[in-house]
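When I checked Swiss-Prot for this same protein, it listed these features:
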- Lys174: active site, proton acceptor (ACT_SITE)
- Gly60, Trp62, Asp89, Asp105, Asp134: S-adenosyl-L-methionine binding site (BINDING)
Amino acid sequence: MAKNKFNQSWLHDHINDPYVKMAQREGYRARAAYKLKEIDDQDKLIQPGQVIVDLGAAPGSWSQYARNKLAASPRAKDGRIDGAVVAIDILPMEPVADVTFIQGDFREEEVFRQLEQVVLDASGGSRIDLVISDMAPNLSGVASADAARIEYLCDLALDFAQAHLKPEGSLLVKCFHGSGYSQIVEKFKRQFKVVASRKPKASRDKSSETFILGRYLKSVD
């Protein structure tokens, strides 16, 4: 009975959520698009001509937002976006116009090599401008286990960013407040010159979800 009440309450909140309604109205696949939009509005992450990699992209709302932002550039002509968006996820994702999608686990060498090649082609052999990651583990409710899973996904994004970002590039990842959060922030500070946390209004009030932003890579000794 309690579970049914919880499900009914969640469904009621979801249906009446203004961001859900906005996403439906504006054609986004998930309300998460507005989390990225709020952060982008504040920090001016997405700029014309950028090459952007979206880790853990499904169902695709972040890729949609990034694509739309690049398409709005005055330099976008003949139906093409001004820049490139490369998305990857273990889960399938319906195509997004102008977005190159790879389905697979980028921890696997073959998939990683494919991702690297697509990024190289998109950037003309250069490094990339922005990595965004909305990856999240399946949470168990066991704090220590969940903290380790969250930190692991952040480490994957950090490693990818270190290897592929331009010196002036940025990394945005989803994280959760709790055990292990301070360690993740410290890792960002070791890797980036500027580090900030963001809690957009589109994040649900009851959620411990937050986003960590790193900008300007530090040189590797």
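Using N, Cα and C of the backbone, Cβ positions are placed for all residues, glycine too.
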If I take the alpha carbons of Lys174 (active site, proton acceptor) and Asp134 (S-adenosyl-L-methionine binding site), what is the distance between them in whole Å?
5
Rounding to the nearest whole angstrom, report the longest C-alpha distance spanning Gly60, Trp62, Asp89, Asp105, Asp134, listed for S-adenosyl-L-methionine.
18
Around Asp134 (S-adenosyl-L-methionine binding site), which residues of its chain at least 6 apart sit with Cβ under 8 Å of its Cβ?
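Those within reach of Asp134 (S-adenosyl-L-methionine binding site), by Cβ under 8 Å and sequence separation of 6 or more, are Ala32, Leu36, Asp54, Leu55, Gly56, Ala57, Trp62, Lys174.
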Based on Cβ atoms within 10 Å, give me the single least packed residue among the binding-site residues Asp89, Asp105.
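Among the binding-site residues Asp89, Asp105, the sparsest Cβ neighbourhood within 10 Å belongs to Asp105.
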Sort out the sequence-distant neighbours of Gly60 (S-adenosyl-L-methionine binding site) for me: same chain, 6+ apart, CB within less than 8 Å of its CB, listed by position.
Arg29, Ala30, Ala87, Met93, Glu94, Val96, Val99
Using all protein chains in view, find how many other C-beta atoms are within 10 Å of the C-beta of Lys174 (active site, proton acceptor).
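Total other Cβ atoms inside 10 Å, all chains included: 21.
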Under a three-state reading of DSSP, tell me whether Lys174 (active site, proton acceptor) is helix, strand or coil.
strand
What is the number of other Cβ atoms found within 10 Å of the Cβ of Trp62 (S-adenosyl-L-methionine binding site)?
29
